[in-house]
Amino acid sequence: MSGPAMVHQEPYSVQATAAIASAITFLILFTIFGNALVILAVLTSRSLRAPQNLFLVSLAAADILVATLIIPFSLANELLGYWYFWRAWCEVYLALDVLFCTSSIVHLCAISLDRYWAVSRALEYNSKRTPRRIKCIILTVWLIAAVISLPPLIYKGDQRPEPHGLPQCELNQEAWYILASSIGSFFAPCLIMILVYLRIYVIAKRSHCRGLGAKRGSGEGESKKPHPAAGGVPASAKVPTLVSPLSSVGEANGHPKPPREKEEGETPEDPEARALPPNWSALPRSVQDQKKGTSGATAEKGAEEDEEEVEECEPQTLPASPASVFNPPLQQPQTSRVLATLRGQVLLSKNVGVASGQWWRRRTQLSREKRFTFVLAVVIGVFVVCWFPFFFSYSLGAICPQHCKVPHGLFQFFFWIGYCNSSLNPVIYTIFNQDFRRAFRRILCRQWTQTGW
(Lines of atoms letter the chains of each structure in order from A and count residues from 1; the text may use other names and numbers.)
(Lines give C-alpha, C1' and ligand atoms only; values in the text may rest on other atoms or scores of the structure.)
Protein backbone atom coordinates (compact mmCIF):
# COMPACT_ATOMS: atom_id res chain seq x y z
CA MET A 1 0.00 0.00 0.00
CA SER A 2 1.42 3.36 -0.97
CA GLY A 3 0.84 6.75 0.53
CA PRO A 4 -1.73 9.21 -0.80
CA ALA A 5 -0.98 10.90 -4.08
CA MET A 6 -2.35 14.30 -3.04
CA VAL A 7 0.02 17.16 -2.31
CA HIS A 8 0.11 18.39 1.25
CA GLN A 9 2.17 20.69 3.43
CA GLU A 10 5.25 18.99 4.84
CA PRO A 11 5.51 19.43 8.62
CA TYR A 12 9.25 20.32 8.48
CA SER A 13 11.59 22.12 6.13
CA VAL A 14 14.15 20.16 4.13
CA GLN A 15 16.97 21.18 6.47
CA ALA A 16 14.98 20.29 9.59
CA THR A 17 13.93 16.98 8.05
CA ALA A 18 17.55 16.07 7.27
CA ALA A 19 18.71 17.02 10.77
CA ILE A 20 15.91 15.09 12.50
CA ALA A 21 16.42 12.03 10.28
CA SER A 22 20.18 12.03 10.96
CA ALA A 23 19.75 12.39 14.72
CA ILE A 24 17.11 9.65 14.98
CA THR A 25 19.10 7.31 12.73
CA PHE A 26 22.10 7.74 15.02
CA LEU A 27 19.80 7.09 18.01
CA ILE A 28 18.58 3.84 16.42
CA LEU A 29 22.09 2.57 15.63
CA PHE A 30 23.48 3.56 19.01
CA THR A 31 20.56 1.89 20.83
CA ILE A 32 21.03 -1.37 18.95
CA PHE A 33 24.82 -1.36 19.37
CA GLY A 34 24.81 -0.41 23.06
CA ASN A 35 22.15 -2.87 24.15
CA ALA A 36 23.67 -5.69 22.07
CA LEU A 37 26.92 -4.96 23.91
CA VAL A 38 25.09 -5.27 27.25
CA ILE A 39 23.69 -8.68 26.26
CA LEU A 40 27.12 -9.92 25.12
CA ALA A 41 28.76 -8.64 28.30
CA VAL A 42 26.32 -10.44 30.60
CA LEU A 43 26.49 -13.68 28.63
CA THR A 44 30.29 -13.78 28.27
CA SER A 45 31.72 -12.04 31.36
CA ARG A 46 32.31 -14.16 34.45
CA SER A 47 31.76 -11.23 36.82
CA LEU A 48 28.32 -10.53 35.28
CA ARG A 49 26.91 -14.06 35.18
CA ALA A 50 24.82 -13.66 38.33
CA PRO A 51 21.22 -14.82 37.75
CA GLN A 52 19.76 -11.37 38.47
CA ASN A 53 21.64 -9.92 35.50
CA LEU A 54 19.22 -11.81 33.25
CA PHE A 55 16.85 -8.93 33.99
CA LEU A 56 19.30 -6.63 32.22
CA VAL A 57 19.46 -8.97 29.22
CA SER A 58 15.67 -8.92 28.87
CA LEU A 59 15.56 -5.14 29.39
CA ALA A 60 18.22 -4.65 26.71
CA ALA A 61 16.25 -6.91 24.35
CA ALA A 62 13.15 -4.73 24.86
CA ASP A 63 15.19 -1.62 24.04
CA ILE A 64 16.54 -3.24 20.86
CA LEU A 65 12.98 -4.09 19.81
CA VAL A 66 11.98 -0.46 20.37
CA ALA A 67 14.86 0.66 18.14
CA THR A 68 14.03 -1.78 15.34
CA LEU A 69 10.22 -2.08 15.34
CA ILE A 70 8.99 1.23 16.77
CA ILE A 71 11.34 4.18 16.27
CA PRO A 72 11.76 3.86 12.45
CA PHE A 73 8.00 3.95 11.88
CA SER A 74 7.57 6.76 14.39
CA LEU A 75 10.24 8.72 12.52
CA ALA A 76 8.48 8.23 9.18
CA ASN A 77 5.15 9.21 10.71
CA GLU A 78 6.72 12.33 12.23
CA LEU A 79 8.51 13.52 9.10
CA LEU A 80 5.71 12.77 6.64
CA GLY A 81 2.86 14.05 8.80
CA TYR A 82 0.67 11.04 8.05
CA TRP A 83 0.75 7.23 8.31
CA TYR A 84 2.31 5.90 5.12
CA PHE A 85 2.05 2.18 5.93
CA TRP A 86 -0.75 -0.39 6.18
CA ARG A 87 -3.63 0.35 8.50
CA ALA A 88 -3.34 -3.09 10.12
CA TRP A 89 0.33 -2.43 10.83
CA CYS A 90 -0.65 0.81 12.57
CA GLU A 91 -2.68 -1.14 15.10
CA VAL A 92 0.12 -3.67 15.64
CA TYR A 93 2.66 -0.85 15.86
CA LEU A 94 0.68 0.94 18.58
CA ALA A 95 0.24 -2.28 20.56
CA LEU A 96 3.97 -3.08 20.31
CA ASP A 97 4.84 0.46 21.37
CA VAL A 98 2.80 0.06 24.55
CA LEU A 99 4.16 -3.48 25.05
CA PHE A 100 7.84 -2.53 24.93
CA CYS A 101 7.47 0.62 27.01
CA THR A 102 5.44 -1.20 29.66
CA SER A 103 7.87 -4.11 29.59
CA SER A 104 10.79 -1.77 30.30
CA ILE A 105 9.24 -0.19 33.36
CA VAL A 106 7.88 -3.48 34.73
CA HIS A 107 11.39 -4.91 34.31
CA LEU A 108 12.73 -2.06 36.42
CA CYS A 109 10.02 -2.68 38.99
CA ALA A 110 10.96 -6.38 39.17
CA ILE A 111 14.64 -5.46 39.48
CA SER A 112 13.93 -3.10 42.38
CA LEU A 113 11.94 -5.83 44.17
CA ASP A 114 14.81 -8.26 43.56
CA ARG A 115 17.21 -5.73 45.14
CA TYR A 116 14.91 -5.30 48.13
CA TRP A 117 14.58 -9.02 48.78
CA ALA A 118 18.35 -9.46 48.40
CA VAL A 119 18.92 -6.76 51.04
CA SER A 120 16.14 -7.55 53.51
CA ARG A 121 16.21 -11.38 53.29
CA ALA A 122 19.73 -12.02 52.07
CA LEU A 123 20.32 -15.62 53.18
CA GLU A 124 16.83 -16.91 52.43
CA TYR A 125 16.39 -15.13 49.09
CA ASN A 126 19.89 -15.66 47.69
CA SER A 127 19.44 -19.41 48.03
CA LYS A 128 16.27 -19.15 45.91
CA ARG A 129 17.66 -16.70 43.34
CA THR A 130 18.28 -19.26 40.61
CA PRO A 131 18.31 -18.70 36.83
CA ARG A 132 15.08 -20.65 36.55
CA ARG A 133 13.33 -18.41 39.08
CA ILE A 134 14.60 -15.23 37.40
CA LYS A 135 13.41 -16.49 34.00
CA CYS A 136 9.94 -17.14 35.44
CA ILE A 137 9.82 -13.58 36.79
CA ILE A 138 10.90 -12.22 33.39
CA LEU A 139 8.15 -14.23 31.68
CA THR A 140 5.63 -12.79 34.15
CA VAL A 141 6.89 -9.28 33.35
CA TRP A 142 6.28 -9.77 29.63
CA LEU A 143 2.82 -11.26 30.28
CA ILE A 144 1.83 -8.22 32.38
CA ALA A 145 3.04 -5.91 29.61
CA ALA A 146 1.12 -7.93 27.01
CA VAL A 147 -2.12 -7.70 28.98
CA ILE A 148 -1.80 -3.92 29.20
CA SER A 149 -1.00 -3.59 25.48
CA LEU A 150 -3.85 -5.76 24.16
CA PRO A 151 -6.82 -3.33 24.43
CA PRO A 152 -5.76 -1.22 21.40
CA LEU A 153 -5.98 -4.37 19.27
CA ILE A 154 -9.33 -5.46 20.70
CA TYR A 155 -11.10 -2.11 21.10
CA LYS A 156 -10.15 0.76 18.81
CA GLY A 157 -12.49 3.36 20.28
CA ASP A 158 -14.11 6.19 18.37
CA GLN A 159 -12.16 7.01 15.22
CA ARG A 160 -11.53 10.72 14.83
CA PRO A 161 -11.82 12.28 11.37
CA GLU A 162 -8.55 12.34 9.48
CA PRO A 163 -7.30 15.86 8.69
CA HIS A 164 -6.97 16.64 4.96
CA GLY A 165 -8.04 13.08 4.20
CA LEU A 166 -4.61 11.77 5.22
CA PRO A 167 -4.43 8.51 7.21
CA GLN A 168 -3.27 8.96 10.79
CA CYS A 169 -1.92 6.48 13.32
CA GLU A 170 -2.60 7.74 16.83
CA LEU A 171 -2.93 6.31 20.29
CA ASN A 172 -6.33 5.37 21.65
CA GLN A 173 -8.07 8.60 22.68
CA GLU A 174 -10.63 7.04 25.04
CA ALA A 175 -10.25 8.66 28.46
CA TRP A 176 -10.68 5.40 30.36
CA TYR A 177 -7.96 3.67 28.34
CA ILE A 178 -5.56 6.60 28.62
CA LEU A 179 -5.87 6.67 32.41
CA ALA A 180 -5.83 2.87 32.82
CA SER A 181 -2.81 2.36 30.57
CA SER A 182 -0.91 5.28 32.12
CA ILE A 183 -1.49 3.96 35.63
CA GLY A 184 -0.66 0.36 34.72
CA SER A 185 2.28 1.16 32.46
CA PHE A 186 3.94 3.94 34.41
CA PHE A 187 2.50 5.48 37.57
CA ALA A 188 1.84 2.29 39.57
CA PRO A 189 5.25 0.71 38.81
CA CYS A 190 6.92 4.06 39.56
CA LEU A 191 5.22 4.26 42.95
CA ILE A 192 6.29 0.69 43.75
CA MET A 193 9.90 1.42 42.76
CA ILE A 194 10.07 4.62 44.80
CA LEU A 195 8.68 2.92 47.92
CA VAL A 196 10.98 -0.09 47.48
CA TYR A 197 14.10 2.04 47.09
CA LEU A 198 13.13 4.16 50.07
CA ARG A 199 12.90 0.94 52.06
CA ILE A 200 16.30 -0.19 50.76
CA TYR A 201 17.74 3.17 51.80
CA VAL A 202 16.29 2.82 55.31
CA ILE A 203 17.76 -0.69 55.68
CA ALA A 204 21.15 0.46 54.41
CA LYS A 205 21.14 3.48 56.73
CA ARG A 206 20.27 1.32 59.72
CA SER A 207 23.05 -1.14 58.85
CA HIS A 208 25.47 1.77 58.43
CA CYS A 209 24.64 3.14 61.88
CA ARG A 210 25.02 -0.30 63.47
CA GLY A 211 28.38 -0.66 61.76
CA LEU A 212 29.61 2.69 63.07
CA GLY A 213 28.46 1.76 66.57
CA ALA A 214 30.31 -1.54 66.36
CA LYS A 215 33.46 0.26 65.19
CA ARG A 216 33.30 2.73 68.07
CA GLY A 217 32.75 -0.11 70.51
CA SER A 218 35.68 -2.10 69.17
CA GLY A 219 37.86 1.03 69.26
CA GLU A 220 37.06 1.61 72.93
CA GLY A 221 37.74 -2.03 73.70
CA GLU A 222 41.09 -2.00 71.95
CA SER A 223 42.17 1.12 73.81
CA LYS A 224 41.84 -0.80 77.09
CA LYS A 225 43.95 -3.76 75.93
CA PRO A 226 47.46 -4.18 77.41
CA HIS A 227 50.45 -3.26 75.29
CA PRO A 228 52.06 -6.09 73.38
CA ALA A 229 55.02 -7.90 74.85
CA ALA A 230 58.26 -8.60 73.06
CA GLY A 231 57.76 -10.31 69.74
CA GLY A 232 54.61 -8.39 68.87
CA VAL A 233 52.19 -10.75 70.68
CA PRO A 234 50.01 -9.21 73.40
CA ALA A 235 51.07 -10.21 76.87
CA SER A 236 47.51 -11.27 77.57
CA ALA A 237 47.11 -13.17 74.33
CA LYS A 238 46.13 -16.78 74.08
CA VAL A 239 44.68 -18.97 71.41
CA PRO A 240 41.61 -20.89 72.58
CA THR A 241 42.02 -24.63 71.76
CA LEU A 242 45.72 -24.55 72.66
CA VAL A 243 46.95 -26.84 75.47
CA SER A 244 50.54 -27.99 75.82
CA PRO A 245 52.11 -30.56 78.13
CA LEU A 246 54.98 -28.11 78.58
CA SER A 247 52.65 -25.80 80.45
CA SER A 248 53.44 -27.95 83.46
CA VAL A 249 56.97 -26.58 83.28
CA GLY A 250 55.59 -23.31 84.49
CA GLU A 251 54.04 -25.01 87.50
CA ALA A 252 57.30 -26.76 88.31
CA ASN A 253 59.10 -23.46 88.27
CA GLY A 254 56.74 -22.03 90.82
CA HIS A 255 54.30 -20.29 88.52
CA PRO A 256 50.60 -20.63 89.27
CA LYS A 257 48.59 -22.97 87.10
CA PRO A 258 46.65 -21.13 84.40
CA PRO A 259 42.89 -21.51 84.13
CA ARG A 260 41.63 -24.46 82.09
CA GLU A 261 41.54 -23.81 78.37
CA LYS A 262 39.31 -25.55 75.87
CA GLU A 263 40.43 -28.89 74.56
CA GLU A 264 41.26 -29.29 70.89
CA GLY A 265 38.12 -29.95 68.89
CA GLU A 266 35.83 -28.00 71.19
CA THR A 267 34.02 -25.01 69.77
CA PRO A 268 35.34 -21.69 71.13
CA GLU A 269 32.81 -19.71 73.09
CA ASP A 270 33.77 -16.49 71.36
CA PRO A 271 31.74 -16.45 68.11
CA GLU A 272 34.29 -14.12 66.56
CA ALA A 273 36.87 -16.89 66.75
CA ARG A 274 35.00 -18.80 64.07
CA ALA A 275 35.97 -16.50 61.19
CA LEU A 276 39.24 -14.61 60.83
CA PRO A 277 39.32 -11.72 58.39
CA PRO A 278 42.71 -10.77 57.04
CA ASN A 279 43.66 -7.90 59.34
CA TRP A 280 47.39 -8.21 58.85
CA SER A 281 48.56 -6.03 61.71
CA ALA A 282 47.02 -8.41 64.24
CA LEU A 283 48.30 -11.69 62.78
CA PRO A 284 51.75 -13.20 63.42
CA ARG A 285 54.13 -12.70 60.51
CA SER A 286 54.36 -16.39 59.73
CA VAL A 287 50.59 -16.51 59.47
CA GLN A 288 50.64 -13.51 57.14
CA ASP A 289 53.08 -15.32 54.88
CA GLN A 290 50.94 -18.45 55.01
CA LYS A 291 47.83 -16.37 54.23
CA LYS A 292 49.44 -14.83 51.18
CA GLY A 293 49.82 -18.24 49.63
CA THR A 294 46.53 -19.84 50.63
CA SER A 295 43.70 -17.31 50.54
CA GLY A 296 42.92 -17.64 46.84
CA ALA A 297 44.13 -15.29 44.13
CA THR A 298 40.70 -14.66 42.67
CA ALA A 299 39.11 -13.42 45.87
CA GLU A 300 42.05 -11.13 46.70
CA LYS A 301 42.12 -9.70 43.17
CA GLY A 302 38.41 -8.93 43.22
CA ALA A 303 38.70 -7.27 46.61
CA GLU A 304 41.64 -5.16 45.50
CA GLU A 305 39.73 -3.98 42.42
CA ASP A 306 36.77 -2.95 44.55
CA GLU A 307 38.90 -1.54 47.38
CA GLU A 308 37.99 2.08 46.80
CA GLU A 309 34.29 1.28 46.75
CA VAL A 310 34.01 -1.26 49.58
CA GLU A 311 31.20 -0.72 52.03
CA GLU A 312 31.99 1.38 55.05
CA CYS A 313 30.03 -0.91 57.35
CA GLU A 314 30.58 -4.63 57.10
CA PRO A 315 27.98 -7.06 58.54
CA GLN A 316 28.36 -7.64 62.22
CA THR A 317 28.96 -11.33 61.66
CA LEU A 318 32.33 -10.41 60.20
CA PRO A 319 34.76 -9.52 63.03
CA ALA A 320 36.64 -6.28 62.71
CA SER A 321 39.96 -7.68 63.87
CA PRO A 322 41.37 -11.15 64.46
CA ALA A 323 43.05 -9.80 67.57
CA SER A 324 39.75 -10.38 69.34
CA VAL A 325 40.48 -14.13 69.13
CA PHE A 326 43.38 -13.76 71.57
CA ASN A 327 42.28 -13.13 75.14
CA PRO A 328 44.13 -15.19 77.81
CA PRO A 329 44.77 -14.39 81.48
CA LEU A 330 47.71 -12.25 82.51
CA GLN A 331 49.01 -14.76 85.04
CA GLN A 332 49.80 -17.38 82.39
CA PRO A 333 53.51 -18.30 82.59
CA GLN A 334 55.89 -17.07 79.92
CA THR A 335 56.86 -20.61 78.84
CA SER A 336 53.26 -21.65 78.27
CA ARG A 337 52.46 -18.36 76.54
CA VAL A 338 55.34 -18.71 74.07
CA LEU A 339 54.44 -22.30 73.37
CA ALA A 340 50.79 -21.38 72.90
CA THR A 341 51.81 -18.69 70.45
CA LEU A 342 53.88 -21.12 68.44
CA ARG A 343 51.13 -23.71 68.36
CA GLY A 344 48.66 -20.95 67.59
CA GLN A 345 50.60 -20.18 64.43
CA VAL A 346 50.29 -23.80 63.39
CA LEU A 347 46.57 -23.83 64.13
CA LEU A 348 45.94 -20.58 62.31
CA SER A 349 47.94 -21.68 59.31
CA LYS A 350 45.47 -24.50 58.80
CA ASN A 351 42.32 -22.41 59.01
CA VAL A 352 43.10 -18.80 58.17
CA GLY A 353 43.36 -19.43 54.43
CA VAL A 354 39.82 -20.77 54.18
CA ALA A 355 38.26 -18.31 56.62
CA SER A 356 39.91 -15.21 55.25
CA GLY A 357 39.26 -16.32 51.66
CA GLN A 358 35.57 -16.57 52.48
CA TRP A 359 35.76 -13.17 54.16
CA TRP A 360 37.30 -11.60 51.06
CA ARG A 361 34.71 -13.19 48.77
CA ARG A 362 31.87 -12.01 51.00
CA ARG A 363 33.35 -8.52 51.15
CA THR A 364 33.70 -8.37 47.36
CA GLN A 365 30.14 -9.65 46.90
CA LEU A 366 28.73 -7.05 49.29
CA SER A 367 30.64 -4.29 47.53
CA ARG A 368 29.37 -5.45 44.13
CA GLU A 369 25.78 -5.66 45.41
CA LYS A 370 26.01 -2.14 46.80
CA ARG A 371 27.39 -0.66 43.58
CA PHE A 372 24.88 -2.58 41.46
CA THR A 373 21.99 -1.31 43.59
CA PHE A 374 23.23 2.25 43.07
CA VAL A 375 23.51 1.73 39.29
CA LEU A 376 19.96 0.42 39.11
CA ALA A 377 18.73 3.39 41.13
CA VAL A 378 20.32 5.65 38.49
CA VAL A 379 18.70 3.61 35.69
CA ILE A 380 15.28 3.93 37.32
CA GLY A 381 15.75 7.65 37.97
CA VAL A 382 16.71 8.32 34.35
CA PHE A 383 13.76 6.26 33.10
CA VAL A 384 11.33 8.26 35.24
CA VAL A 385 12.83 11.57 34.09
CA CYS A 386 12.55 10.54 30.42
CA TRP A 387 9.01 9.14 30.49
CA PHE A 388 7.25 11.19 33.17
CA PRO A 389 6.62 14.26 30.94
CA PHE A 390 4.95 12.10 28.28
CA PHE A 391 2.70 10.13 30.63
CA PHE A 392 1.82 13.23 32.65
CA SER A 393 0.77 15.22 29.56
CA TYR A 394 -0.96 12.15 28.07
CA SER A 395 -3.04 11.67 31.24
CA LEU A 396 -3.68 15.39 31.58
CA GLY A 397 -5.30 15.44 28.15
CA ALA A 398 -7.73 12.73 29.26
CA ILE A 399 -8.63 14.42 32.57
CA CYS A 400 -9.43 17.85 31.16
CA PRO A 401 -9.20 17.76 27.37
CA GLN A 402 -10.60 21.26 26.87
CA HIS A 403 -8.36 23.36 29.11
CA CYS A 404 -5.32 21.21 30.03
CA LYS A 405 -4.24 19.88 26.66
CA VAL A 406 -0.50 20.19 25.99
CA PRO A 407 0.51 21.79 22.65
CA HIS A 408 1.15 19.22 19.93
CA GLY A 409 4.78 20.21 19.41
CA LEU A 410 5.60 19.90 23.12
CA PHE A 411 3.77 16.58 23.32
CA GLN A 412 5.84 15.21 20.42
CA PHE A 413 9.01 16.39 22.13
CA PHE A 414 8.05 14.48 25.30
CA PHE A 415 7.26 11.48 23.10
CA TRP A 416 10.77 11.40 21.60
CA ILE A 417 12.50 12.03 24.92
CA GLY A 418 10.89 8.79 26.11
CA TYR A 419 12.32 6.91 23.13
CA CYS A 420 15.79 8.30 23.87
CA ASN A 421 15.75 6.40 27.16
CA SER A 422 16.25 3.13 25.27
CA SER A 423 19.79 4.22 24.38
CA LEU A 424 20.83 5.45 27.84
CA ASN A 425 21.11 2.26 29.90
CA PRO A 426 24.39 1.09 28.27
CA VAL A 427 25.84 4.56 28.92
CA ILE A 428 24.79 4.38 32.58
CA TYR A 429 26.33 0.92 32.99
CA THR A 430 29.59 2.16 31.44
CA ILE A 431 29.83 5.24 33.65
CA PHE A 432 28.80 3.76 36.99
CA ASN A 433 29.79 0.06 36.92
CA GLN A 434 33.38 -1.10 36.52
CA ASP A 435 32.34 -4.71 35.82
CA PHE A 436 30.47 -3.57 32.70
CA ARG A 437 33.33 -1.22 31.81
CA ARG A 438 35.83 -4.06 31.87
CA ALA A 439 33.48 -6.36 29.93
CA PHE A 440 32.80 -3.73 27.24
CA ARG A 441 36.53 -3.00 26.92
CA ARG A 442 37.34 -6.69 26.60
CA ILE A 443 34.66 -7.27 23.92
CA LEU A 444 35.55 -4.19 21.88
CA CYS A 445 39.32 -4.64 22.11
CA ARG A 446 39.02 -8.28 21.07
CA GLN A 447 36.90 -7.35 18.06
CA TRP A 448 39.28 -4.56 17.01
CA THR A 449 42.29 -6.85 17.40
CA GLN A 450 40.70 -9.54 15.24
CA THR A 451 39.73 -6.95 12.63
CA GLY A 452 43.26 -5.49 12.61
CA TRP A 453 44.82 -8.88 12.00
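Every residue, even glycine, has its Cβ placed from backbone N, Cα and C.
Pulled from Swiss-Prot:
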| type | residues | note |
| --- | --- | --- |
| TOPO_DOM | 1-17 | topological domain 'Extracellular' |
| TRANSMEM | 18-42 | transmembrane segment |
| TOPO_DOM | 43-54 | topological domain 'Cytoplasmic' |
| TRANSMEM | 55-80 | transmembrane segment |
| TOPO_DOM | 81-90 | topological domain 'Extracellular' |
| TRANSMEM | 91-113 | transmembrane segment |
| SITE | ASP97 | site 'Implicated in ligand binding' |
| TOPO_DOM | 114-135 | topological domain 'Cytoplasmic' |
| TRANSMEM | 136-158 | transmembrane segment |
| TOPO_DOM | 159-174 | topological domain 'Extracellular' |
| TRANSMEM | 175-198 | transmembrane segment |
| TOPO_DOM | 199-375 | topological domain 'Cytoplasmic' |
| REGION | 214-329 | region 'Disordered' |
| COMPBIAS | 303-314 | compositional bias 'Acidic residues' |
| TRANSMEM | 376-399 | transmembrane segment |
| TOPO_DOM | 400-408 | topological domain 'Extracellular' |
| TRANSMEM | 409-432 | transmembrane segment |
| TOPO_DOM | 433-453 | topological domain 'Cytoplasmic' |
| LIPID | CYS445 | S-palmitoyl cysteine |
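Only residues 6 or more beyond the boundaries of the topological domain 'Cytoplasmic' (43-54), in the same chain, are considered here, and those with a CB under 8 A from a CB of the stretch are 111, 114, 118, 129-131, 133-135, 138, 302, 368, 435-436, 438-439, 442-443. Helix, strand and coil counts under DSSP for the topological domain 'Extracellular' (81-90) come to 4 helix, 0 strand, 6 coil. Note on the transmembrane segment (175-198): residues 98, 101-102, 105-106, 108-109, 112-113, 115-116, 148, 151-152, 155, 157, 377, 380, 384, 387-388, 391, 394-395, 397-399, 401 of its chain, located 6 or more positions outside it, place their CB under 8 angstroms from a CB of the stretch. Just going by CB pairs under 8 A, the stretch in 18-42, 91-113, 409-432 that sits most against the transmembrane segment (55-80) is 18-42. Regional average pLDDT for the topological domain 'Cytoplasmic' (433-453) in the model is 79.
Long-range contacts of the transmembrane segment (136-158) within the same chain, counting only residues at least 6 positions beyond its ends with a Cβ under 8 Å from a Cβ of the stretch, are 54-55, 58, 91-92, 94-96, 98-100, 102-103, 106-107, 110, 114, 171-174, 177, 181, 184-185.
Within the same chain, residues 12, 48-49, 53-54, 56-57, 60-61, 63-64, 66-68, 71-72, 75, 78-79, 416, 419-420, 422-423, 425-427, 429, 436, 439-440, 443-444 sit at least 6 positions outside the transmembrane segment (18-42) and bring their C-beta atoms closer than 8 Å to a C-beta of that stretch. Remote same-chain partners of the topological domain 'Extracellular' (400-408), defined as residues 6 or more beyond its termini with a Cβ less than 8 Å from a stretch Cβ, comprise 175, 393, 414. Residues of the same chain lying 6 or more positions beyond the ends of the topological domain 'Cytoplasmic' (114-135) and with a Cβ under 8 Å from any Cβ of it are 51-52, 54-55, 196-197, 199-200, 203-204, 369, 373, 376.
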